[in-house]
Amino acid sequence: MSARGLALGLLLLLLCLAQNRRLQARGPSELGPLWLSESIVFSQSCVWYGECGIAYGDKRYNCEYFGPPKPLPKDGYDLVQSQFLNVTATEDYVDPVTNQTKTNVKELQYFVGQSFANAMYNACRDVEAPSSNDKALGLLCGKDADACNATNWIEYMFNKDNGQAPFTITPVFSDFPVHGMEPMNNATKGCDESVDEVTAPCSCQDCSIVCGPKPQPPPPPAPWTILGLDAMYVIMWITYMAFLLVFFGAFFAVWCYRKRYFVSEYTPIDSNIAFSVNASDKGEASCCDPVSAAFEGCLRRLFTRWGSFCVRNPGCVIFFSLVFIAVCSSGLVFVRVTTNPIDLWSAPSSQARLEKEYFDQHFGPFFRTEQLIIRAPLTDKHTYQPYPSGADVPFGPPLDIQILHQVLDLQIAIENITASYNNETVTLQDICLAPLSPYNTNCTIMSVLNYFQNSHSVLDHKKGDDFFVYADYHTHFLYCVRLLSVAQIKVKKNEGGRDQNYNNATALVITFPVNNYYNDTEKLQRAQAWEKEFINLVRNYKNPNLTISFSAERSIEDELNRESDSDIFTVVISYAIMFLYISLALGHIKSCRRLLVDSKISLGIAGILIVLSSVPCSLGIFSYIGLPLTLIVIEVIPFLVLAVGVDNIFILVQAYQRDERLQGETLDQQLGRVLGEVAPSMFLSSFSETVAFFLGAMSVMPAVHTFSLFAGLAVFIDFLLQITCFVSLLGLDINRQEKNRLDIFCCVRGAEDGTSVQASESCLFRFFKNSYSPLLLKDWMRPIVIAIFVGVLSFSIAVLNKVDIGLDQFLSMPDDSYVVDYFKSMSQYLHAGPPVYFVLEEGHDYTSPKGQNMVCGGMGCNNDSLVQQIFNAAQLDNYTRIGFAPSSWIDDYFDWVKPQSSCCRVDNITDQFCNASVVDPACVRCRPLTPEGKQRPQGGDFMRFLPMFLSDNPNPKCGKGGHAAYSSAVNILGNGTRVGATYFMTYHTVLQTSADFIDALKKARLIASNVTETMGINGSAYRVFPYSVFYVFYEQYLTIIDDTIFNLGVSLGAIFLVTMVLLGCELWSAVIMCTTIAMVLVNMFGVMWLWGISLNAVSLVNLVMSCGISVEFCSHITRAFTVSTKGSRVERAEEALAHMGSSK
């Protein structure tokens, strides 16, 4: 590259800044083809002309020349006037072609007007490089754009150390003549002014003056306070105090009234019918009582006959029960377990899922990520001292050269991993992301070691003499990070923001992008096979100097599978403990001699197996249908069924144990009568839970939907097996006990002790009957209990809106998972947000000026265009969570195709595309260098050159080639006649918590909606939508509150209807029961807030399960109260609590 390309090209740039829109981060040689107004061509002698001598590499010296001015060649500038240039050093050079001695220019001074330099800087400071999402000055100034100014910009461009200038150019800034030299101080135009009739002013994206006032985000909503305190706390405190005042006031008024007129709540009711809670203390039955009594009698007779049948025919009942279990469980051969996180958390019909499908179909799925975060905990920071001058530069521990060598060894080992799939070898080269293929098939590896060509020898390369080292890996690293946008090195966030000095890095991040495949299972499994070997290598990698956190694309799914396997052990332990408890609690052992006779070990085993068998039955039935399982089903339902099933076992067995066999009554008649008493209660609770769960399956959340279906069926099958198989087994066990045979060893008869099986009461029953129930229902205790529970309810309501929403990623993993460490390291060290794509669906016209202006972000584009609105959003990054201006393929295409650029060339014979690096006289510009040619391409021209742009690889002479950046961003349809779906990529800001991710999704959709509206395509067949890989996981939280209210509300409504019907239209019983369950659910939210549990699909499943278990506890006591024949409400409550509460 000639000095002309650097010094003259760049400084001529200063004269035409106003027309230089959307600078691209490219080599300085491309900045040469900018015109110089004829007004600055003077008659004075010149400084140099032509080229002579090689400076280094491809950099050439210019020949000293003092002759008269010469006409400008059409392809560039070969001279500059000595009015503002002063040559300070030259050397002689012998031209090997002409053998003439020429003089090279080695150093010169350039006199630049300070006001001109400032005007140039002000015109260019906002210019964006669209493909890199960064300010162009950040790439041309040698430092971050925020630290760049007019002076250090020009100084860096003239500095030989920048690797581009062939010799030193010393700028002298002054607005007045210096040493007889007239500073270059030409007139400039602002970025908001047109240079000529053809060129429009810069866009808002490149010129903040055009934008007007910077948009301001809406103020955050003010916290709801009363007198400076949280409003919910204040309201609930006042409400609770008012309740206590009214409640206790009414209580004492009623107490005084009753005491005065000697009216007692314990007045007996002279009736033996089952009075409802609606009945008054005087025994007056309500209008619903006949219906309730008739329905109760019907259920009692039905279950009595069924119980007697089961006891009389145990063999038949048990056999058909086992056949039923076997047939249902056989469906497990068709079982499919869903471990794909997308299927677990996102419904197929959800907006995010449909948008993901659209993106994957049109652009291909987002690549698979294999990532390592590497620290060097045993290595200290070190300081690099540049020679011969310069400030000391600190370097973080991972940038020690020995650490870099060790990291490189690990990186090379990963590159050499081989895996086997279907007897074929799979290497990284087979599956990696290669964006420049087929011209360049090298794998993309995002690593700092790329700066050293991934070579140990390059890393060790030094330049110096016997005494000093002038350059080594330190200087090379500092040079690279000044020029490149570093995505491979992340540093910890300081209190004031992100540290941009990458030499202070505390961790290295190496990323291996791997191709993902849409609907190609074979290729996907090949990638997964390689990932498995990657995980094995890194997990087994031992190096005391390195601490490595890592993750592969398959890691989360693998760990979820491992967690489900480990949960089997937890389920087994739980059932074993419950078996032990049942065996001890069910048996009423009267003496040591009757220990093995009165024990219920075999019955306990049978009961547990019956409970457990309902789970595979439910799984098998739905597996027949083809409904896949989820981990939540496998982990939660066994415990739910265990709680419900064991409760029913205790109710049935203890009801028999407390019952006296009537005179002349056989065992089957007794057990039938007992079942007739308790089975309606079991039916009420089980049917209520089943209906509630099945209605909960209306949820669109996959986790809740699947859980509700499986849970509802499992609870109902458990009930069926208990009133059939378990009743028959209970009859057999009682027969064994009455015949004095040993438990387990039923063929062995125990010693006769003259005792027979008699009714007995458990210790827990006696405690409830004699102590707990009377105490709880005393006149003075009941209002205290109500006051306490209303207080807890008030607190729970007060914190209801403070429960967090979301699910931190590490909570979904086993505690010992390597992925947990990766999540923590990612949160601590990574400070780049995830990419977000704004997708414009198929249907937009890109070939017309109107359609282009609606989308692009450069000169002439609408101020509310798609690109411009995303750019505006990036200016409010703290509010919108959009971190950068978007990469705009259409703006880069316009820059690429313009005739002033050397990018778009075609062979004038074959009409084939010529890459900018091709040297061939037959290659000519795509468009003429005329006013018409400088306009944007439209119609056929737009479509003619677009495929060339998308196939052009970037190179030093043209950094705008769109193959690497945009080849997948644009769909070309109809044999190259029209553009289909496209996307514009940017990045979110750093997102660390669930709230951040949820807000980012919400704001991105808001931006896309505004773009769709301003483009005027609302109601059309296409729209703009945002897509990022995490949207499918976090979309559920946008509606989680509505889903929670819906699911719990539907469950409560179902429980109310079933309870009212099965209790014979007992309205108040159903109301009180549902109110109690609602209080339990609200209190669960209070517990969630206290324990820091957030609201998500997992906790919603547990809330639905809590609703079911609450039914189990409330329904039995409610029914026992309604059928009690005691004399008063208190006595009926005591009886219900003693009989049913002790069995819970």
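Keep in mind that glycine also has a Cβ here, set from the backbone N, Cα and C atoms.
Automatic prediction, not curation, is the source of TrEMBL annotations.
Summarising the annotation, TrEMBL assigns signal peptide to 1-18.
Long-range neighbours of the transmembrane segment (231-257) within the same chain, counting only residues 6 or more positions beyond its ends whose Cβ lies under 8 Å from a Cβ of the stretch, are 224-225, 263, 779, 783, 786-787, 790-791, 794-795, 797-802. What TrEMBL lists as transmembrane segment is 231-257 (among others).
Tertiary proximity for the transmembrane segment (315-335) is limited to same-chain residues at least six positions away from its ends with a CB under 8 Å from its CB atoms, namely 309, 613, 616-624, 626, 628-629, 717, 721, 724-725, 727-729. Feature annotation from TrEMBL assigns transmembrane segment to 315-335 (among others).
Feature annotation from TrEMBL assigns domain 'SSD' to 567-732. Per-residue pLDDT, averaged across the domain 'SSD' (567-732), gives 85.
The transmembrane segment annotation in TrEMBL covers 568-589 (among others).
Here TrEMBL flags 601-625 (among others) as transmembrane segment.
Summarising the annotation, TrEMBL assigns transmembrane segment to 631-653 (among others).
Long-range contacts of the transmembrane segment (674-695) within the same chain: residues 296, 299-304, 306-307, 644, 648, 651-652, 655-656, 659, 708-709, 711-713, 715-716, 718-719, 722-723, 727, 1050-1055, 1057-1059, 1062-1063, 1104, 1107-1108, 1111-1112, 1115-1116, 1119-1120, 1140, each at least 6 residues beyond the stretch ends and with a Cβ under 8 Å from a Cβ of the stretch. What TrEMBL lists as transmembrane segment is 674-695 (among others).
The transmembrane segment annotation in TrEMBL covers 707-732 (among others).
For 780-800 (among others), the entry in TrEMBL reads transmembrane segment. Long-range contacts of the transmembrane segment (780-800) within the same chain, counting only residues at least 6 positions beyond its ends with a Cβ under 8 Å from a Cβ of the stretch, are 230, 232-233, 235-237, 239-240, 243-244, 247-248, 251, 1079, 1082-1087, 1089-1090.
According to TrEMBL, the transmembrane segment annotation covers 1045-1063 (among others). For the transmembrane segment (1045-1063), the list of distant contacts is 292, 295, 299, 680, 683-684, 687-688, 691-693, 695-696, 698-699, 704, 1069-1071, 1073-1074, 1077-1078, 1081, 1100, 1103-1104, 1107-1108, 1111, 1115, 1118-1119, 1122: same-chain residues at least six beyond its ends, Cβ to Cβ under 8 Å.
Sequence-distant contacts of the transmembrane segment (1070-1091), counting only residues of its own chain at least 6 positions beyond either end whose CB sits under 8 Å from a CB of the stretch, comprise 277, 789, 792-793, 795-797, 799-800, 802-803, 1048, 1052, 1055-1057, 1059-1060, 1063, 1099, 1103, 1106-1107, 1110-1111, 1114-1115, 1118. Residues annotated as transmembrane segment in TrEMBL: 1070-1091 (among others).
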